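**Q** Dropping a structure here in structure tokens format, bear with me for questions.
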Amino acid sequence: MKIPKEGDFITIQSYKHDGNLHRTWRDTMVLKTNENSIIGVNDHTLVTESDDRRWVTREPAIVYFHKKFWFNIIAMIREEGVSYYCNLASPFVLDNEALKYIDYDLDVKVFKDGEKKLLDVEEYERHRRKMHYPKEIDHILKENVKILVDWINNEKGPFSKEYVEIWYNRYHQLKK
């Protein structure tokens, strides 16, 4: 797939380590791309689960994917403030079908008051054993949790105060 440009719509697919499709987001609008990252927005986006259940995202969310970091970041924009959901996941790849990554179960939730919570540790451990995650991936993921927490604590990148405002405003300009 050629690198999508600003205003294009793409599909996002998350997989599990065993290669099974986990979840699909249809029609994510691309806000910015470069050789290493993609910033997009989901706003009332159709999501299809692996068991074919479907739902639509409730609020706008700015999404951030990187080719070098083992996480992606979703900034959920709500009336009461911005909260974040961060997936520990492989760096993304693009092909003719979609932006794709492997979801490794561990998640970090950042509440609007700044509180952080590591989620799904038991699910990660269960899948690590069941799907035989290599020790190298286990190590990489744990190191990337540290990098992610550092970004959160230092308001780096998607966690900066200006980031969500800048990209949400850009979304409104593009959708006109």
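Positions of Cβ are set from backbone N, Cα and C atoms, glycine also.
Given the structure is predicted, the values throughout are model-derived calculations rather than measurements.
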**Q** Which single residue out of Asn72, Asn87 does Swiss-Prot record at the Mg(2+) 1 site shared with Asp103, Asp107?
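**A** Site partner of Asp103, Asp107 for Mg(2+) 1, according to Swiss-Prot: Asn87.
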**Q** In angstrom units, rounded to an integer, how far apart are the Cα atoms of Asp107 (Mg(2+) 1 binding site) and Asp120 (Mg(2+) 2 binding site)?
**A** 6
**Q** What whole-number Å value do you get for the CA-CA distance of Glu123 (Mg(2+) 2 binding site) and Arg23 (active site, proton donor)?
**A** 16
**Q** Which residue, of the binding-site residues Asp103, Asp105, Asp107, Asp120, Glu123, has its CB surrounded by the fewest other CB atoms within 10 A?
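**A** Glu123, out of the binding-site residues Asp103, Asp105, Asp107, Asp120, Glu123, has the fewest neighbouring Cβ atoms within 10 Å.
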**Q** Which one is closest to Asn87 (Mg(2+) 1 binding site) in space, judged by CA to CA distance, out of the recorded positions Arg23, Asp105, Asp120?
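**A** Its closest listed neighbour, by Cα, is Asp105.
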